[in-house]
Amino acid sequence: MQKIMHISVLLSPVLWGLIFGVSSNSIQIGGLFPRGADQEYSAFRVGMVQFSTSEFRLTPHIDNLEVANSFAVTNAFCSQFSRGVYAIFGFYDKKSVNTITSFCGTLHVSFITPSFPTDGTHPFVIQMRPDLKGALLSLIEYYQWDKFAYLYDSDRGLSTLQAVLDSAAEKKWQVTAINVGNINNDKKDETYRSLFQDLELKKERRVILDCERDKVNDIVDQVITIGKHVKGYHYIIANLGFTDGDLLKIQFGGANVSGFQIVDYDDSLVSKFIERWSTLEEKEYPGAHTATIKYTSALTYDAVQVMTEAFRNLRKQRIEISRRGNAGDCLANPAVPWGQGVEIERALKQVQVEGLSGNIKFDQNGKRINYTINIMELKTNGPRKIGYWSEVDKMVVTLTELPSGNDTSGLENKTVVVTTILESPYVMMKKNHEMLEGNERYEGYCVDLAAEIAKHCGFKYKLTIVGDGKYGARDADTKIWNGMVGELVYGKADIAIAPLTITLVREEVIDFSKPFMSLGISIMIKKPQKSKPGVFSFLDPLAYEIWMCIVFAYIGVSVVLFLVSRFSPYEWHTEEFEDGRETQSSESTNEFGIFNSLWFSLGAFMQQGCDISPRSLSGRIVGGVWWFFTLIIISSYTANLAAFLTVERMVSPIESAEDLSKQTEIAYGTLDSGSTKEFFRRSKIAVFDKMWTYMRSAEPSVFVRTTAEGVARVRKSKGKYAYLLESTMNEYIEQRKPCDTMKVGGNLDSKGYGIATPKGSSLGNAVNLAVLKLNEQGLLDKLKNKWWYDKGECGSGGGDSKEKTSALSLSNVAGVFYILVGGLGLAMLVALIEFCYKSRAEAKRMKVAKNAQNINPSSSQNSQNFATYKEGYNVYGIESVKI
């Protein structure tokens with residue numbers, strides 16, 4: 001095989017020259033392959049032929065070497081760089097990884113590799129192999145391992161081991177880490193035998209093999225040879241090629257074997273490739289002509305596709321890339337990086353395609369993201385996919401294991417008894433239930449859920465209502481369970497599908513599925529009456545302090561305007577008038593007296609203005625800043641005014657559990673038997689403990705027998721009773737007529753409803769998988785929307801509030817009319833006072849003039865008196881009066 005590789009390497013320039021010819025569109029690609037990588041090299045060549053187009057050709061320059069030899073890697077890398085390659089594909093190990101990454105970062109040459117992912121950031125290194133750490137940790141947690149041995153190959157790096165040890169320290173796992181990377185081939189049989197004997201003494205029956213295919217095959221051979229470490233043992237093969245190893249030897253031995261697979265043979269893209277791959281000639285393409293492909297070979301094929309796509313994108317962007325005149329010595333001092341290497345690195349990282357290894361996408365560090373790894377188990381009929389792991393969904397189990405033997409026949413022939421409880425909207429009696437029989441009498445969320453579970457698990461069922469109407473709690477004296485939990489514990493029912501909360505004490509006696517609904521304890525109170533805006537609610541958009549500041553600002557601005565107008569010489573002016581034929585000048589006047597200043601400021605604030613304006617610069621500055629001030633204030637006021645006038649707010653007496661615990665006026669309680677009461681009884685949090693102390697000693701009792709009783713108590717208490725219940729039920733009742741309850745504050749805890757089965761029931765696993773599948777399909781959310789909101793009776797606003805919040809009533813703006821009427825009345829009163837005052841003054845003046853006329857009745861005096869009278873009379877005439 002190695003001879004074939006050597007011949008292909010020596011003849012590669014000739015072969016590729018014949019295939020592609022000499023073309024200006026030829027792109028030189030370097031290749032560093034370890035000796036013995038026959039299949040990887042064949043996949044590389046197939047990719048070159050497959051993805052080359054008429055636009056350009058990828059021309060490879062291949063070097064076959066020992067990747068563990070840093071000197072050989074340095075020579076090969078420098079040789080590739082001096083040939084003017086645009087990018088290099090190749091492999092590395094722990095001894096050569098630093099050399100390659102250093103050259104790439106210094107010379108700006110991109111290196112695409114399917115080797116193990118490195119920690120940290122390495123510029124110009126594109127890693128095709130996804131990181132396995134997250135999937136491995138998820139699988140360990142899925143199997144609930146807390147003690148296991150970890151056999152690792154040092155050539156693959158220690159990052160995965162470090163992640164396992166970090167999780168072990170956090171979750172208190174017992175991990176025995178053993179390095180099998182440096183085992184001498186001559187003594188490997190003896191070494192492995194001694195190793196497994198030590199594991200047997202330590203009772204380590206769970207083993208993780210963090211090794212590549214050849215090392216895994218060696219270990220499996222020794223396990224079979226020894227014969228003691230097969231049945232009852234569980235092995236996890238921690239690489240991405242579960243089907244690459246020779247598992248036939250251990251398939252029927254009784255051991256549990258799990259692992260990971262990056263190449264999904266059920267995928268249509270992989271199937272088409274395998275059809276072509278299996279037809280290739282073994283002599284021309286060593287390692288081909290098989291029905292499978294190693295995951296490293298698949299990553300090699302994908303790497304060629306990534307490079308091709310990157311150069312195609314550069315062509316589309318009309319970015320010219322050339323190595324002419326840039327091929328130099330990589331050992332030059334100082335090193336001269338390739339100027340256009342950054343463009344190629346950017347193009348490679350931006351590639352997103354579908355390949356043999358699934359979705360191929362990279363982050364800014366050149367590492368794979370958004371990938372999916374299949375979870376595999378070895379069955380008697382061969383490797384089988386049981387689920388998958390992704391960065392978003394984490395581990396998802398998709399294989400449903402049906403009960404075997406008599407359990408299957410029993411499940412198919414038996415009618416499963418499903419216990420539940422009458423609780424809206426989970427289980428309700430239909431209006432015409434007297435005319436119906438069996439399961440048709442019921443409707444609700446859990447009724448629909450039971451039908452879906454039965455359909456997925458393949459059994460017939462009968463719905464029964466729990467006799468005592470309780471969920472399930474253990475009596476403190478007799479230790480007997482009641483409710484639905486009791487029916488499961490004492491064999492009266494096979495499964496409970498109801499709003500049954502998953503708790504620790506219940507989990508000790510029954511099994512729960514994954515939660516089908518998440519919720520928490522919440523507070524229900526009677527909805528307070530909506531407070532209508534007050535008569536003077538138009539003042540609410542601004543706080544009381546702001547209104548006071550505005551008043552002081554108004555007075556201050558008026559005074560400042562008055563003062564600057566008095567001090568500024570440019571504010572004084574002389575009025576001229578004609579007296580016969582001559583023009584006369586009166587004395588200097590100033591329009592901005594204190595009253596005119598107040599009037600000017602008021603007009604500006606009301607956005608109206610007045611008939612006078614400042615003449616001086618100082619006065620205009622005062623006016624300008626006042627206008628700016630009023631612009632912002634009025635705009636802010638107007639923006640908030642609509643909300644304050646149209647929205648009828650509900651003022652809740654409490655907003656949280658803290659508010660409840662700090663007062664005694666409003667009583668509060670829970671269901672007398674259930675998880676909510678148990679939560680407060682066991683809680684060590686000060687607030688909840690204080691609430692429990694109150695509820696336990698309150699008279700009359702604040703506990704209720706049913707949720708319906710608790711809701712009725714809330715509605716009849718006129719706001720003096722709060723009921724603590726699950727948030728889902730609270731939200732449902734809030735949507736039911738008479739729409740007089742509401743949920744306040746956030747949830748007090750976080751928990752979930754689960755489907756319960758007796759301990760060890762054959763239904764448990766099937767039901768759990770059915771719940772997961774329904775959740776993935778979005779059916780659980782659809783059911784909740786159907787029974788909570790689609791059938792709601794109060795609307796989104798709760799009742800008939802929509803029209804009330806869209807139109808203003810007279811009460812909203814009554815204060816404005818009051819001010820208008822008050823202003824008009826005040827104006828008339830002031831006018832009357834002015835008239836009376838002026839009339840009295842004129843009467844006195846006329847009386848004085850008349851007396852003077854009687855004493856000295858001269859014509860001049862009469863004329864003067866008449867002029868005086870005329871002047872006073874014209875106050876109410878056309879002539880203006882200056883203040």
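Any Cβ shown, glycine's included, is placed from N, Cα and C.
Annotated L-glutamate binding site per Swiss-Prot: Pro499, Thr501, Arg506, Ser675, Thr676, Glu726, in sequence order. Under the heading disulfide bond, Swiss-Prot lists Cys78-Cys330, Cys739-Cys794, citing similarity to another entry as support. Residues or ranges marked as intramembrane segment by Swiss-Prot: 592-607. Under the heading S-palmitoyl cysteine, Swiss-Prot lists Cys610, Cys836, citing experimental evidence as support. Swiss-Prot lists Ser683, Ser717, Ser860, Ser863, Ser880 with the feature phosphoserine. For Tyr876, the entry in Swiss-Prot reads phosphotyrosine. The annotation region 'Required for interaction with IQSEC1' is assigned in Swiss-Prot to 867-877 on the grounds of similarity to another entry. If you look up Swiss-Prot, you'll see 565-591, 611-616, 834-883 marked as topological domain 'Cytoplasmic', on the strength of similarity to another entry. Annotation comment: Swiss-Prot describes 544-564, 617-637, 813-833 as transmembrane segment.
Of all the recorded positions in the list Cys330, Ser683, Ser717, Cys739, the shortest Cα-Cα distance to Arg506 (L-glutamate binding site) is found for Ser683.
Cα spacing between Thr501 (L-glutamate binding site) and Ser683 (phosphoserine): 16 Å, rounded to the nearest whole number. The Cβ of Arg506 (L-glutamate binding site) has 25 other Cβ atoms within 10 Å, all protein chains considered. Using a 10 Å radius centred on the Cβ of Cys330 (disulfide bond) and all shown protein chains, the other Cβ atoms total 19. When averaged over the region 'Required for interaction with IQSEC1' (867-877), pLDDT in the model lands at 45.
One way to see the shell of the L-glutamate site is to take the Cβ centroid of Pro499, Thr501, Arg506, Ser675, Thr676, Glu726; the remaining same-chain residues with a Cβ within 8 Å of it are Tyr471, Leu500, Ile502, Thr503, Gly674, Lys751, Tyr753. Look at the recorded positions Cys794, Cys836 and count other Cβ atoms within 10 Å of each Cβ; Cys836 has the fewest. Within the group of recorded positions (Cys78, Cys610, Cys739), the Cβ with the highest number of other Cβ atoms inside 10 Å belongs to Cys739.
Residues in the topological domain 'Cytoplasmic' (611-616) partition by DSSP class (helix H, G, I; strand E, B; coil) as 0 helix, 0 strand, 6 coil.
Using a Cβ-Cβ cut-off under 8 Å and counting only residues 6 or more beyond its ends in the same chain, the topological domain 'Cytoplasmic' (611-616) has close neighbours at 561, 564-565, 568-571, 573, 591-592, 596, 600, 622-623. Cys836 (S-palmitoyl cysteine) falls within a helix when secondary structure is assigned with DSSP.
With a cut-off of 8 Å between CB atoms and residues at least 6 apart in sequence, the same chain places Tyr471, Thr501, Thr503, Arg506, Lys751 near Ser675 (L-glutamate binding site), listed in sequence order.
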